[in-house]
Amino acid sequence: MLMKPIKTVWKLSRKWTNLTIWIIIGMVIGILIGRFAPEFAVKIGPLGNVFIRMIQCIVGPLIFSTLVIGIAGHGEDLRRIGRLALKSVIYFEVVTTLALILGLIAVNIARPGTGFDTSQLPPPDTNVTSITWVTEMEVIVPTSFFLALSDHSAVLAVVFCAIMFSVAITQADERSRNFMLDFNLSLSKIMFKLIVLVMNYAPIGISCAIAATVGQYGLDSLKVAGRLVLTLYVSLLIFVLVVLLPVAVLCRLPLREFGWAVGEPFLIAFATSSSESALPKAMENIMAFGVPMNIAAFVIPTGYSFNLDGSTLYLAVATIFCAQVAGINKSVGEQIVIILTLMLTSKGVAAVPRASYIVLMTTLTNARIPLAPLALILSVDAFMDMARTAVNVLGNMLASAAIAKWEGQFRNKDWVASQTGQAPETLEMNMAEYD
């Protein structure tokens, strides 16, 4: 009988003790600097941007190489890819719909938009690019393979290119196939090594990023629309407890180990308000947790456009908040229409600049809600963005683990072999012991 694979648990807990603690310390220091030295905090903001840009330069090559290895390296055909995509879409749609419903319930109970005077509010910025099915298709299908890899925001385009490239590899001759697989395997290993190097700078970068946010907007801005921020934070917490936690329990995931795996990416996303900044670490940790590379490399990047749980809940809260500020009471039927609208407009637009703002403005226009209250939202949006981005990352890491369970691939023989040091073909054991 083999010992249970505590190696990964120990690695994750050790990292949590070192890097994660330093990230938390950096966040606290950043908040203090932003509060008591706001001018200096704004000046050190570029150091936070450097960290974000260092992470973003890894995103494209990492997603591409891991997805190619996961698909072509395991001989996946289009049928298996299609099945994985279908299961992912079903999961994404169910969870994001629950987020919308919970957001509407919370904002109707808390009513954070009552008691405002909108007569002195500045007009909102309406000079934004509208979102149509054409723009969404342009996001998915790039004009250049190398342009997709170089654009950190074109996550769906990288996934599309990687899938097409993988299918082509499976149909190539053996020599070409082996060469490209070896190249992408080496590239993925180098990218993960690069993540380790970049993460050494994380506490400093995160401290500067959060200091700049607090210094620029000030904690006093929370007094203006503090009830909205509080409503969103409480709603997101309830969503995690009543939706995401039960999903993890139903999938029989080891919760403590999952918490260790999620800790660092969650904090990075919260401090930087950037999902892309947390993506490489999220993929590294979720694969160490037991999700196969082919599933992690497909589900997490795709979820960054179709499974934005935090952003979806935020859109529901923000829409009804604007109606309340304007003194408009939306009926249950009208709010159901808003849910249906957001179910469509909130998908697949992550790579569009200011996507949440565009979707919110479009929804308000369709629902005949004045745009003036948007100025109130923008005054505290930086603080709300931190929370919703962190929940987005948490939701996508859970999605990859849940779908791996659904596929029967969670902690498979390859993962067990990596923990025990044995070759997968020599393992004779009850795999259920590792669930």
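Cβ atoms are placed via backbone N, Cα and C, with glycine included.
A TrEMBL annotation is a machine prediction, not a hand-curated record.
The following features are taken from TrEMBL:
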type	residues	note
TRANSMEM	21-38	transmembrane segment
TRANSMEM	50-72	transmembrane segment
TRANSMEM	84-110	transmembrane segment
TRANSMEM	145-169	transmembrane segment
TRANSMEM	190-212	transmembrane segment
TRANSMEM	232-251	transmembrane segment
TRANSMEM	286-306	transmembrane segment
TRANSMEM	336-352	transmembrane segment
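Put simply, of 21-38, 50-72, 84-110, 232-251, the stretch with the most CB pairs closer than 8 A to the transmembrane segment (286-306) is 50-72. Contact between the transmembrane segment (190-212) and the transmembrane segment (84-110) does not hold: fewer than three of their C-beta pairs are under 8 Å, each pair 6 or more apart in sequence. In this chain, the transmembrane segment (232-251) lies apart from the transmembrane segment (50-72): fewer than three C-beta pairs between them fall below 8 angstroms, excluding pairs fewer than 6 positions apart.
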